[in-house]
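According to TrEMBL, the protein has these features:
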- 696-754: domain 'CBS' (DOMAIN)
- 81-102: transmembrane segment (TRANSMEM)
- 130-151: transmembrane segment (TRANSMEM)
- 181-198: transmembrane segment (TRANSMEM)
- 242-264: transmembrane segment (TRANSMEM)
- 276-299: transmembrane segment (TRANSMEM)
- 331-353: transmembrane segment (TRANSMEM)
- 368-388: transmembrane segment (TRANSMEM)
- 442-461: transmembrane segment (TRANSMEM)
- 467-489: transmembrane segment (TRANSMEM)
- 501-525: transmembrane segment (TRANSMEM)
- 531-552: transmembrane segment (TRANSMEM)
């Protein structure tokens with residue numbers, strides 16, 4: 001029913017990044033947008049490019065590297081440390097900004113609604129209060145959703161899957177731009193204040209990464225400003241290392257857990273790692289926690305008391321009261337199993353929801369409407385739960401920020417309101433630390449059930465929001481419920497303190513959803529300031545991960561797969577030894593001769609059907625017809641710079657070229673190289689020749705065509721390559737392996753399956 005061309009257009013519209021040229025295409029061709037976008041998870045998208053993590057060692061690069069002496073190298077090393085310190089400071093300041101603004105705005109909203117409810121409880125007509133609460137929520141979320149949907153769609157969600165892809169070597173459009181950072185920060189503030197079931201911790205990781213990418217380049221492409229500093233770092237390899245430092249700084253600012261940040265970057269983020277990096281990243285994380293700590297301490301009025309290390313502080317757990325005994329370990333393991341099952345359920349529900357969203361809710365206006373609907377429903381559910389709850393607790397001796405009296409006696413407050421009528425962070429801390437007997441089991445059960453579905457519905461909306469805090473909150477609620485029921489069963493023995501079980505439940509739930517093990521253990525230990533629980537938390541998380549992986553993969557990996565990103569895991573699929581490079585590679589390959597006509601180069605680059613990014617350079621002997629031996633590899637970006645500067649052989653002979661091209665010319669064009677359409681080449685210039693010998697990489701990595709897929713995969717993945725040339729025994733080019741050729745093969749339920757490639 002759809003012609004192929006219209007299918008292609010649909011695909012272009014459905015993707016996240018609507019480029020400028022597609023916008024033009026939209027205005028020219030008036031056509032009906034489809035109601036359903038066919039989306040299939042067994043696809044790999046061709047719209048994602050790879051990053052060049054492998055330096056092109058051409059003559060220019062070698063000359064520059066040989067010029068660098070020992071002192072210059074020392075300077076570069078010092079610059080790296082300076083950049084890491086700046087990343088830490090700025091990430092800490094951004095976290096402070098988010099925290100202070102959220103605290104004030106949310107406080108204002110809750111005070112208004114509380115006064116309104118108190119007023120109407122006395123004289124009846126509580127539906128007005130509900131209307132006020134829902135309208136406030138929906139309007140705030142509307143603003144937060146509009147800026148994301150219409151200005152920068154990549155800022156939606158927590159941003160962890162995107163950063164994970166970036167560090168893996170996939171270029172996701174606009175992911176580390178300044179505009180994305182601004183939208184992300186504003187969007188997070190608005191969605192948390194709007195009362196959605198979200199946390200502000202996840203997006204801190206994305207924000208840190210954007211800050212790192214921006215600082216390390218020494219210029220901003222969004223602001224069109226170049227500060228002429230840090231020019232040495234303008235290439236993908238260096239940028240990647242700083243981005244992993246930024247992600248770590250984001251985690252440590254969010255949880256006050258510098259070691260956890262480094263481990264998070266190592267476990268979830270970085271696909272490449274070395275020892276020098278570890279120490280630098282740890283430095284950035286420490287600086288970021290310290291900055292946040294000192295600024296918030298000054299803001300709270302006790303300048304010398306560094307007591308708030310992270311955006312969320314779980315509070316201290318006292319070891320005296322809260323030890324654990326050996327017979328509780330099986331209970332903890334059981335909680336891990338429950339967390340794994342609930343996490344798998346959460347992910348499965350979210351998977352179907354996201355598929356539905358990709359198919360039907362792809363227009364920005366629809367996305368905004370959905371976000372407003374979720375906000376209003378969240379407020380309504382909270383209100384109805386508070387209204388129907390008859391769980392009253394005495395006010396004195398409790399630390400509730402906004403106690404709602406409703407139908408309770410004087411001097412009592414509604415305990416359901418402490419869970420719903422609060423920012424999620426505060427609710428988590430309350431569940432951890434409120435004394436036994438603060439919550440009715442019925443209240444906790446209803447809250448867990450409702451919040452589970454709300455959080456699941458909210459993740460994947462077009463707002464910037466994290467999934468960390470909601471998962472912790474769900475887990476803390478059912479963990480506390482579990483602890484209460486245990487003390488019922490054991491007739492109130494001393495060891496069933498509900499706060500301890502709330503902590504284990506929170507760990508189990510979060511581990512079951514995102515499947516982090518090492519970093520999450522350390523983050524929980526650092527955030528609670530207690531090493532005693534290290535072992536039980538580790539057990540709980542291991543169990544949750546094993547159980548969860550049995551059913552469905554982690555939330556972030558699932559979203560990466562749903563976006564059809566060609567993501568390369570650590571190992572090739574287990575059963576892929578039967579495949580060889582000959583079966584995997586792309587053919588035929590567009591080769592260039594070492595001295596090539598300019599017209600040929602322009603035609604190859606302008607050919608939209610192939611759109612290759614790397615071209616093998618072969619020996620040019622015009623008299624023979626056979627394919628000549630491989631001499632090197634040149635990238636599209638390099639060819640474009642050569643054409644832009646008109647580096648032709650004839651002009652060099654006439655000495656029209658003012659100077660030799662330097663590496664700086666290539667760096668100044670990075671990261672957004674101009675498209676070939678913007679470069680004008682006259683008819684006479686098309687007849688000139690262009691000499692590629694000093695710009696091509698003369699030693700590209702090659703594999704023989706008999707190499708097995710795991711071997712090719714290892715080479716490609718470990719070196720972070722973008723192109724791997726396949727040669728036969730005469731060193732003639734027979735094919736090219738790129739990221740898509742390797743990411744196509746995936747282990748499915750029936751064994752090895754091959755995904756199809758699509759333009760969408």
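Counting starts with 1 at the first residue shown.
Positions of Cβ are set from backbone N, Cα and C atoms, glycine also.
The average pLDDT computed for the domain 'CBS' (696-754) is 88. Sequence-distant contacts of the transmembrane segment (130-151) (same chain, six or more residues past either end, CB-CB distance under 8 Å): 109, 112-113, 116, 179, 183, 186-187, 189-191, 193-196, 364-365, 367-368, 371-376, 378-380, 382-383, 461-464. Within the domain 'CBS' (696-754), the DSSP-based counts of helix, strand and coil residues read 16 helix, 21 strand, 22 coil.
Taking pairs at least six residues apart, the transmembrane segment (242-264) and the transmembrane segment (501-525) share three or more Cβ pairs below 8 Å and count as touching. Sequence-distant contacts of the transmembrane segment (501-525) (same chain, at least 6 residues past either end, Cβ-Cβ under 8 Å): 251, 255, 257, 259-261, 263-264, 266-268, 314, 317, 332, 335-336, 338-344, 346-347, 428, 431-432, 467-468, 471-480, 482-483, 486, 531, 533-534, 536-538, 540-545, 547-549, 553-557. Cβ atoms under 8 Å from those of the transmembrane segment (331-353) belong to residues 324, 452-453, 455-457, 459-460, 471, 474-475, 478-479, 482, 486, 501, 504-505, 507-513, 515, 536, 539-548, 550-555, 558, 562 of the same chain, restricted to positions at least 6 beyond its ends.
The highest tally of CB pairs under 8 A with the transmembrane segment (467-489), across 81-102, 181-198, 276-299, is held by 181-198.
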